[in-house]
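In what follows, a structure is listed as structure tokens, so that the remarks can point back to it.
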Amino acid sequence: WYQTLIHLLKGNIGTGLLGLPLALKNAGILLGPLSLLVMGIVAVHCMSILVKCAHHFCYRFQKQFVDYGGAVMYGLESTPSAWLRTHAVWGRRVVGLFLILTQLGFCCVYFVFLADNLRQVVSAANDTTTDCNSNRTVALTPTMDSRLYMLSLLPFVVLLSFIQNLKVLSIFSMLANVAMLVSLVVIYQYIVRVRVLSLQIPVVYGVLGLWSDPCALWGAGVVLVWENCCSILLLSQVLPLENKMKNPRQFPVILYVGMTIVTILYISLSVLGYLRFGASIQASITLNLPNCWLYQAVKLLFSFGIFFTYAVQFYVPAEIIIPPLVARVSERWGWVVNLLLRVALVSVTCVLAILIPRLDIVISLVGSVSSSALALIFPPLLEIATYYVEGMHPLLIAKDVAISLIGFVGFVVGT
């Protein structure tokens, strides 16, 4: 159970976490944490819906395991609509497509994150001091554009993507976990020394902020909600995690405990980070840390963790896309095609990151396009498709429709 809990926490802690203080700046000190709490509860509920529906189909078809795509396909086959039953296989394909988009989207985020942090470390290298008590303004040394840093990182990331053995990747994943854990501890010990800000913090910059510009108003709430949803992508890992447990009956308790820890982490980092840096908060809180050796090391350490996490995130879309294409060529050329496809996929993520070199925008875009569908839109509709013919209470249907509509509005407006 403790291994499952660690995987659960790891799946929810990434670059999106570091962007939450900026999201809070847009959403407000009241609406922001409230949105995170509500979205955390809704996301856990959607996870439990997915697990329940998967169990239903395992029992019905006498299967040991049903994945996310399979559950959606079987759900469509259970509907009264003949058209949906005929095209049920598209349910699996659509889920697979969104999984690919989300995983590759996170890979784009990693390129931007690595470039931004490395660029800042290099720019401030000449003024880095041993005094970590003051956050003085330093004269940054001119350096390359962040997009050139992305291109410089590309060969190393390509080499990393050639690792196809999960056991080897698990070692890198463990190193990434340790690096990011140490970084978070150091970041927390710095931001808990909160200074009092002036009362210019937007208390409610959302539904009640009707005097605000409508685009800023929507953007405020949406950025925060979908930053959260980015990390809630763990939905795609919920069923595999449960299936691998020695005692799957413990999973619901682990899910609630794990997501409670994650929600507390999200709210505390967003509030304390914003209170610490105020309006000067950047797209990643690491970019606000002082220019002393300790916090420069934190940026490099977190970047080290994100670098190796790229390989883990890349594994999923690579396993979906590459094997069917390799199967079309002879065995002699299979390994060549495999490596070329990996180079092409990594290069695509790098090019997309160069085209949108803004960390806050990339994170929000990935969350809006893909994570909203996987985490909020599909699970409630799956519950309706699964149990409608067996009879559902109207309030239960209304609840599922409301959650899906929230997800769809976030998908459209956020994008």
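Using the three backbone atoms N, Cα and C, a Cβ is placed for every residue, glycine included.
Going by TrEMBL, these are the annotated features:
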type: DOMAIN; residues: 1-414; note: domain 'Amino acid transporter transmembrane'
type: TRANSMEM; residues: 27-51; note: transmembrane segment
type: TRANSMEM; residues: 94-113; note: transmembrane segment
type: TRANSMEM; residues: 146-163; note: transmembrane segment
type: TRANSMEM; residues: 175-196; note: transmembrane segment
type: TRANSMEM; residues: 253-273; note: transmembrane segment
type: TRANSMEM; residues: 293-312; note: transmembrane segment
type: TRANSMEM; residues: 333-355; note: transmembrane segment
type: TRANSMEM; residues: 361-382; note: transmembrane segment
type: TRANSMEM; residues: 394-413; note: transmembrane segment
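Packing against the transmembrane segment (253-273) from elsewhere in the chain are residues 1, 4-5, 8-9, 12-13, 17-18, 20-21, 23-24, 29, 32-33, 36-37, 40, 43-44, 47-48, 51, 187-188, 191-192, 194, 224, 228, 231, 238, 281, 285, 288: each is 6 or more residues past its ends and has a CB under 8 Å from a CB in it. Of the Cβ pairs linking the transmembrane segment (361-382) with the transmembrane segment (94-113) and spaced 6 or more residues apart, 3 or more are under 8 Å, so the two regions touch.
When each of the listed stretches 27-51, 94-113, 293-312, 333-355 is scored by C-beta pairs under 8 angstroms to the transmembrane segment (146-163), 333-355 comes out highest.
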